[in-house]
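Novice: So that we are looking at the same thing, I have put the structure below in structure tokens.
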């Protein structure tokens, strides 16, 4: 990644409990009598990467839309970059960048024109605009394709261009809705690298994802949402330490399930069964390992991760 | 939350308008052909073909009568098409509006920008027809130039009405209702192709509830070297349609998109 300065110094709102970039209190949203976001409290601190995790329909995107002033809340208060939202959402959008879940690049324009027109929406003109667009074309690594239409870009290139477009105004805060969904591993790593670069420059990031690996790599703090509520909010490591035993043993197959059924309640592990596989969570691995070895079962031993926390807190059933 | 029901008018519509202009410049040739070629063909075919049969209307050759009508109807069609098919495509299919809403623009700015752009296209199309009509000797004097600001107002009103339909539409098919139930009857009952006094009184009164006839009654005299009468009344009707439709469409689109 280029070492161009992508952001300005950020300003933050000061409150009794310290500075924050965004803060929601008892934020509420209902659709047709159904509560989609249920009195949530959120606080995003300057310079951090804050993740919003949750199964489909948990209310992540609605929460983001409310923060951007695109959806009016039905209750609670919301401040982003010190501006009350939605009353002064337009003013807040002057200073933030948005990477939406689905690319909405302008298909009537080339790569360069997309950035140039978008810069125009922010009031950039002349030389300053041209320089900024040059920087961002380099940042998105699209120099070879700057005069091509959007249709000729791969999914990863479109995402890079969308991210570059979001940086056109050197935002203090970038809001990303599922930034890497649908990307191949190379493209995903490239986006991660870009996001880490932004963070190093002091840009605050808010992102939603349902890739736990992504959240664990990028986020300083995260909130897990389920059914419109925040069920946990902390750093990834603190969440793992608080909610789950450190060792996980995965077993699967009929023999393993019969073995599990045969265990009386003295097994020093919490078993979680999903179909013909089970996860055994335990504080000490050795006693359980010994039993598995004795039974001659195959197993996978790994440290607990964010996905375990996520599954524990939001349940294993399918969400549509 | 306090949101005014009235649209927030702001010069921030200009970047939206300019975006559409930039795209238009890329597809200018087919666009000009459509907006300008088609009415000219109508004018020539109907004018020469029909004109022979009809002869003169009073002391007005049919071609002259028709030219001043077609300039109005073409403004109506251009603004309506742009306000429906093109704006709907940008709102719904291309998600251009979503991109605009990521910038410091409000939905009200976008709606006004789209309507002003559609009015601009109506003006471009009318200007082209005016040039052709002048070359064919169908325009009396420089008063005809005064038709252009009237066309811009008319384009604004028709585009704003089209934006209401766009706000309510779930697919392109929906626009056919509006064309069949509103635009076509208006075209036939507003004195574009034949003088209104051919029709029963009740129809004439009903036609005057719609905007197009008021546009025609201002523009036709200007094109044939006369001064129109009741200008303020006619223009007020057109402007009222525009302002009410702007407010209603903005309100409907806010309900549709900002939810």
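Backbone N, Cα and C define each Cβ position, glycine as well.
Small disclaimer: the values here were computed from a predicted structure and weren't measured.
TrEMBL lists these features:
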TRANSMEM  B:27-50  transmembrane segment
DOMAIN    B:30-256  domain 'ABC transmembrane type-2'
TRANSMEM  B:62-81  transmembrane segment
TRANSMEM  B:122-140  transmembrane segment
TRANSMEM  B:146-168  transmembrane segment
TRANSMEM  B:175-196  transmembrane segment
TRANSMEM  B:231-253  transmembrane segment
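Help me see these features in their spatial surroundings.
Specialist: Cβ atoms under 8 Å from those of the transmembrane segment (B:27-50) belong to residues 62-63, 66-67, 70-71, 73-74, 78, 121, 124-125, 128-129, 132-133, 193 of the same chain, restricted to positions at least 6 beyond its ends.
Packing against the transmembrane segment (B:175-196) from elsewhere in the chain are residues 46, 57, 65-66, 69-70, 72-73, 76-77, 80, 84-85, 88, 161-162, 165, 169, 203-204, 206-207, 210-213, 215-217, 220: each is 6 or more residues past its ends and has a CB under 8 Å from a CB in it.
Under 8 Å from some Cβ of the transmembrane segment (B:231-253) lie the Cβ atoms of residues 5-7, 91, 107-108, 111-112, 115, 150, 153-154, 156-157, 160-161, 163-164, 166-168, 211, 214-215, 217-218, all in the same chain and six or more residues away from its ends.
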